[in-house]
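Taken from TrEMBL as is:
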REPEAT    43-75  repeat 'ANK'
REPEAT    76-108  repeat 'ANK'
REPEAT    109-141  repeat 'ANK'
REPEAT    175-207  repeat 'ANK'
REPEAT    208-240  repeat 'ANK'
REPEAT    241-273  repeat 'ANK'
REPEAT    274-306  repeat 'ANK'
DOMAIN    346-652  domain 'Roc'
REGION    399-479  region 'Disordered'
COMPBIAS  411-433  compositional bias 'Polar residues'
COMPBIAS  438-458  compositional bias 'Low complexity'
COMPBIAS  469-479  compositional bias 'Polar residues'
DOMAIN    1003-1084  domain 'Death'
Amino acid sequence: MSKSINDSVASAIFLACERGALPELRQFVSSCFVELAHLKNELDETPLHVASGNGFEELVHFLLKCGCNPNIGDGQGDTPLIWAARNGHTNVFKYLLKSIEMVNATNKNQETALHIATRYTQGKAVLALLEAGADPHLMDKHLETSLHIAAWDGQNGLLDLLCRFSHFLDIQNSDGDSALHIAAIRGHLECLESLLENGAQVDLQNQSGQTALHMALSRGHVDIAILLLGRGCNSTIQDQNGDTPLHLAAEKGLFTIAQTICQLNIPIDIQNSQGLSPLHVAARFGSIEIVRCLCLAGANVHLKTNDGMTAEIVALAQEHKHIAVLLGKVKQEKERQKFVEQLTTLDIPLNRIKLKVFGSQGAGKTRLIQALQRPSSASSLNSLVESVSRRFSGSLFLSSSTTQTGPPPLSSSVHSNKGNQNSDCAFSSSTSDEGIHSATSSTSSTSSSAINSQQQQQLPPPNRHKTWPYSNNSISGNNKEFKNGQQGIDIQNMSFTECGEFSVWNFSGHEPSHICYDHFVGNTDCVHLVVTRCSDDPQDEYKELLYWLNFLKGRVTPTEPIGHCGLMARRAVVAIVGTFCGTDSSSSSPSSPSQPPITLNEAEAMMKTLKMRFETHFEIHPQLLLVDLSAQTDCKGLKELRNFLVKSRESILQRLQRPLRLLDPALLFLEQLREKYSQFPCVTWNYFTYLIPSEVNPLASDGHCRQLIQQLQLIGEVVYLRDECKELDYIVISPEWLGTHLLGTLFSNQFAQTNRTNGRLMFEDFAAAFPEVADTGDLLQIMETLQICSLVEPDFEFPAFITCNPPIDIWQPNRPQFLYAGLRIKPARGMEQTMQAIFPRIQVSMRKSMQDFQDSLDAELLQWKGCSKMLSGKMEALVRLIGDSVEVQIRGPSSMSNSAIYFLEDLTNLVEQTAAEVAPGISTERHFLSPKHLKEHRTNPASFTPEVIMEMQLNESLIIENSDGEQEEFTDVVCFGSTEVAGLLSLGIDISVAQLQPCTRSELAALLDPSDPMGRDWSILAVRLNLAEALPSVDSTGQSLSRTDQLLAEWAITTAGNASIGRLATILSEMGRDDVKQLLFRRVPLYLFNSTPQIITENNIVNNNEII
C-alpha cells in the first residue's frame, strides 16, 4: 500500500471514529489490513482517543479488541480515559478503567482524568472516577489537586463530592494555598462552607503567611470574612509583612469586619514590619469609621511607627484632618473613657414616650390634657386655666429684623448672626378649647432629658419658640386674634400627675391638615387617645370614632407574625375618651358627680362593637372613659384614664431598647442647635451624623447616630423625614416648629385666604408667611418631603389648597369613535371616609410623575378640587374623587388600545401605591366600570365587583355581568378589547397564596381561627389542604400564632404549584365558607401582568408601569 493510500485510509478511519461509523471501520480494517493498534495522526492521537472523546461505546469496545492500547497518551500525554472524562462520556469508562494505574494515569502536566473532569465540570464523570478508585489527593505540576480546581471555579457540588472521598483537605499548591485559600480569594462562599464543614483547617498559612481570612479581605469579600470569623479563625495571625486581618480591613475600609474583630476582645495594637498598627493604617487610608471603632475598642493612640509617627501624625501627613482632630480628642485616657461610656446603654428605660391625641375640633382635647396636668388635689379648674393663660401670654411674635444664625442646615451659603430681637406685640389668647399652644421648649416642662431623673443634667434655658411664634403676625403682618382654634399639631412635653412624663402630640381636627398626619402616625411605641364629645345622639359619636379609628388603622403598618384570630404582632395602644361638661358644675361634688349624656348601656354596646372591628390592629381599653371637663377634681373617668396611661407607659417602656448614655449630652447639644437654627430648625441626616461626632462624641459612629435618632424620636425631641424621590433624609430638631408653626400656619384659615384658587403659590407668598426663614427654597424642600406640594415652574402647587371646581365640559361626549374604560378604587368595607384625605396626595404624586417624564413625552396635567385630567397624545385620563372612591377613566382611539390599557394600569397603580404609602393599613379594591356605559357618558355607570370578576375566572368564562344585570366581555372591561394585552395577564385565581398581604392574612385568620359550631374552621381547612399531618405542630403554638396563617404558609411551601387563590377559593366554597371566599376575592389582585413590553405609538410611550 502506498503512502498516499495509507494517509487516505488513516484519514477515513479517524473520520469513521469521529462519526461513530462502526460498519465502515470494520470494512476498512478487513479490506485494507490496517493495524489499528499502531495507527496515530500527526498529534499522536489514536482512533481510541477519538472514539473515547466522542463517547462511542461499541466503537471503543471494537478498537480495544483490535489491540488499541488504552494506556497510551497523545501528544499532551492525555489517555483515552482523559478524553472521555473531559467530555463526560462515562458510558465508555467500563472499557477504560481496567486498573488503578489507568484511573490515576497522568498527562504531561501531571493531571489525572479526575483533574480534567473537575476542570470541565463533568459531575457524572467525577463520581464515576472516584468510585473507580481515582485518588483526589494527586497533584498536578502546580501541586494542585482536584479540590483546588473545584474551589477556583466555584463548583460547590463537585467540591462537596470530592470532599466525601478525600481524607486530607489541606494540600497546598506551589504558592502554599490550600483549597480553602482558593475559595476565599475567589469569593465562593458555598465552597468555603463545604470545605469547613468537612474539616479544612481555617488558620492554615500559605508561603506569604496569609490565612484564608487574609486572602478574603485582600479582595474585599466581606461575606467570606464574616463566615471565617464565625468559624473561630485566629484573627491575630500575621503574614510575612506582619499584617493581621485587622490591618487589611483597615486598609480596605471594611468597617463591618473591623467592628467584628474588635468585638472578639483580641489584641488590636499588633504592629507590622513597618511598625504600623491597624489604627495607623486606618488613619493613613482615611477610614474615620474604622478609626472610631478602634478607639472605641481601646486602641493605643500614642503608639508610634518605626519612623516615630503616631496615628494622628500619619493622618495629618495624608491630609486627613478630620481624623487627626478625632485622635486629638481621645488622647487623654480620661476623655476617651468618658466617650466610650456614653456609647453604652443604661440599665433603666426611657423616661418619656409619646401620647398622641386625636379628635375633631371642639372635642375637648386641649382641656383634657390640661385636666391630666393638674394635681389631683387641685381646688379649681379655673385656676389652672388662668395659670395656663398667663403662661401663654406675652411676647411671641417675630421681629422683622431677625435672620438665621450660623450656616443654614440645608444649604451651603453662610448668613450673618444678627441676634434675636423681642417683639413688642402682645399675644391675644383665644378662648377656643383647641387654640392653646405651647411656647416653651419640649424639655422645659419637666426634666432635661428622657432619662430617669437620677441621670438628668441641667439644660440651657429653653428658647425654642423665641423667634418663631405660631401667630397671625407671621401671616398678615398685624396682630389679630387667632379665632379658629388649633391648626396643625400642638406638641409639648408634660408630666402628668401620677402618670409620668409624656411628649404630648395634640393633632388638630381641622380636616385639611389630615393629609400629612401619616408622617407623624404609625409607630406603635406610643399611646393613642381618641377623644369625642359626648352628645345626646350616640350615633354621631360612633361615626366620629369610626373615622378616627379607621384613620389610625390605615396609618399603622401591619406587622408580622399574625397572631390568633388575626391579631397583629405590634398593635397600637388606644383608649377612647368621651368628654362632657356637667350642667351644674358649681354644685357638683364627688358625692354627686355630673351625669354624661350617654348611658352606661350605650357606652358598653358601642365599645363592644368598636373592639370587635379593630381588635386585630389595636389594644383598645375596654371601657369608654367618660371625663367631665367641668369637674373641679378628678372624676372617675379621669382616674381610669390616669391608670390606663400608667400601665400603658410602663408596658411600652419595658419592651423598648434601653437608652444610650449619649442621649443626655445629645439633648444638651440639641438645645444649642435649636438656638443656632431657631428660624429654620432643620438639618439633613448627613449633617446630623457629622455634628454628633464633631460636637458631642467623636467616637459616635453612624450606627450610634441611628440608634440615637430613633430614641430622640421616641421621646418626641425630633422628627425624621425621608424624601424617597431625592433619597435625602431630614431631621427637624424642633417638632413644635414643624407641627405648630409650619403646618399650623399652612392650614390656617388666614393663610387659606391668601391662596389662589388653583392652589399654586410663589416663593414670595412663603417669604411673606415665613419671613424668618432666610432661604425659602429650604422651607419648600421640607414641604415637598411632606408630599403636600410639588414644583410647577415657577410656582409650587398645593392640591389641598385648590378651591376651583372642574369645568362642566371637562369630559364632553364628543369622542364617539374612542374606546372607553375605567374603574373605581375603593377602600375596604368598613374603611369609608379614608380616600378624601389621600386624594390631594394622589394629585401630588401625579404631578411628580409628570415631572419625571415630561421631557420625552407630549403630556399635560390639569388639576382642580377633587379632580385631575391628564392628556397624553390622543389619549385622555380623568382621575376624580367620587364619594369614598377614586375613579379613573381612560379614553383613546381604537388604534391605541394597547397603549390605553397600560395608561389605565399605570394611573391605577399610582393611585394604589400612593394610598399604600399614606395608609399602609388600608386594603383597596378595584371595581371596574362598564365601558359601554362610560362611552354613553352615563352619570352612574354600572360596575363589576371584584367578586364577580374572580368568579368569572374561576368558572373559566369570558363573560361577566355588571351591577345592572348586563353582560360584557372581560377583555372589553379590562383590556380595551385587546386580546394581545389579555394574553399577558396572569389571572387572580392563579396567584399564589404566598403573595397574600398581611392585612388580608389577618382578616382570613380572624374568620377561620375561631372554632366554628359546624367545624368549618382552620382544622377542616388543614384536612382539605392535605396538611392533616401538620395539625399537631400547628396546634402546639396555641394562641400565639394564627393557625390559619401557619397552614397557608405551609401549603405554599409544600405544594407551591397548587397553592393558588383559585384552589383555596374552591376549598372554602366546599367547606361552606363563602363569606371567607368573598373576602379573599375582594383582597387579591384581579390580575397581574406577566410582562410590560415597551409600546411606542405616535405620540406617547408607555413603559414598565411608569405613568405617562
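Glycine is treated like the rest: Cβ placed from N, Cα and C.
Note that TrEMBL annotation is computational and uncurated.
Cβ atoms under 8 Å from those of the repeat 'ANK' (208-240) belong to residues 175-178, 180-181, 183-185, 187, 189, 192-193, 196, 202, 246, 248-249, 252, 254, 256-257, 260-261, 264, 266-267, 270, 272 of the same chain, restricted to positions at least 6 beyond its ends. If one looks beyond the repeat 'ANK' (76-108) by at least 6 residues along the same chain, the residues whose Cβ comes under 8 Å of a Cβ in the stretch are 46, 48-57, 60-61, 64, 70, 114, 116-117, 120, 122-125, 128-129, 132-135, 138, 140. According to DSSP, the repeat 'ANK' (175-207) comprises 17 helix, 0 strand, 16 coil.
For the repeat 'ANK' (241-273), the model's pLDDT averages out at 95. Applying DSSP to the repeat 'ANK' (43-75) sorts its residues as follows: 17 helix, 0 strand, 16 coil. Residue counts for the repeat 'ANK' (109-141) under DSSP (helix as H, G, I; strand as E, B; rest coil) come to 16 helix, 1 strand, 16 coil. Note: the repeat 'ANK' (208-240) comprises 16 helix, 0 strand, 17 coil (DSSP; helix = H, G, I, strand = E, B).
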